[in-house]
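Data first, discussion second: the structure below is written as structure tokens.
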Amino acid sequence: MMVKLLLLFLVCWSALPLESSPLGNRYNLEIGEKQYYISLAKTNWFEASNHCRQNGGFLLNLESREELELLSPHLHPAYSYWLSINDLGERGVYVSEATGLEAPFLNWSAGEPDNSSGYDRCVELWLSTTSFQMNDLPCYSSVAFICQLN
């Protein structure tokens with residue numbers, strides 16, 4: 001009986017894709033040449049960016065629709081995720097914090113960016129109807145995040 005319980009425990013434990021990190025659980029992922037980890041811990045944009053940098057990466061810098069489509073099936077629909085994009089330097093000019101250059105790919109939800117709070121300066125990826133799209137949000141909001149490691 002004890003052996004069966006031990007085997008059951010090992011099977012269940014090995015099926016879990018999440019690893020522990022200071023900000024909660026994360027899911028490691030490799031797509032092509034790129035490595036990501038998806039953290040389900042909710043935090044503000046600044047803490048998320050710092051966490052990625054401390055782990056040798058940066059917040060996700062989406063470069064194309066193709067990259068978004070490859071990544072989307074791995075994202076939980078109940079979560080939204082910080083990206084590296086913000087307009088903290090100049091309102092309306094969306095720059096990737098990862099590169100310091102204008103964001104190479106923007107896929108806004110209908111009506112976005114709208115700066116609805118008056119402080120929407122950072123960009124999240126969220127499920128808008130049937131696909132993940134971008135939304136501007138106050139940087140101190142707490143959402144999950146995606147780090148890119150290379």
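Every residue, even glycine, has its Cβ placed from backbone N, Cα and C.
Note that this is a predicted model, so its numbers are computed, not measured.
Annotated features in Swiss-Prot:
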type	residues	note
SIGNAL	1-20	signal peptide
DOMAIN	31-148	domain 'C-type lectin'
DISULFID	Cys52-Cys147	disulfide bond
CARBOHYD	Asn107	N-linked glycosylation site
CARBOHYD	Asn115	N-linked glycosylation site
DISULFID	Cys122-Cys139	disulfide bond
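Structure with Swiss-Prot features highlighted.
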{"residue": "Cys52", "record": "disulfide bond", "DSSP (3 states)": "helix"}
{"residue": "Asn107", "record": "N-linked glycosylation site", "DSSP (3 states)": "coil"}
{"residue": "Asn115", "record": "N-linked glycosylation site", "DSSP (3 states)": "coil"}
{"residue": "Cys122", "record": "disulfide bond", "DSSP (3 states)": "strand"}
{"residue": "Cys139", "record": "disulfide bond", "DSSP (3 states)": "coil"}
{"residue": "Cys147", "record": "disulfide bond", "DSSP (3 states)": "strand"}
Around the Cβ of Cys122 (disulfide bond), the count of other Cβ atoms that are within 10 Å: 28
Those residues of the chain, 6+ apart, with a Cβ under 8 Å from that of Asn107 (N-linked glycosylation site): Leu62, Arg65, Leu68, Gln133, Met134
Residue from Cys52, Asn115, Cys147 whose C-alpha is spatially nearest that of Cys122 (disulfide bond), among the recorded positions: Asn115
From recorded positions Cys52, Asn115, Cys147, the one whose Cα lies nearest Cys139 (disulfide bond): Asn115
Number of Cβ atoms other than its own within 10 Å, given for Cys52 (disulfide bond): 24
C-alpha spacing of Asn115 (N-linked glycosylation site) relative to Cys147 (disulfide bond), in angstrom: 25
Rounded Cα separation (Å) that holds between Cys52 (disulfide bond) and Asn115 (N-linked glycosylation site): 26
For the disulfide-bonded residues Cys139, Cys147, the one whose C-beta sees the most other C-beta atoms within 10 angstroms: Cys147
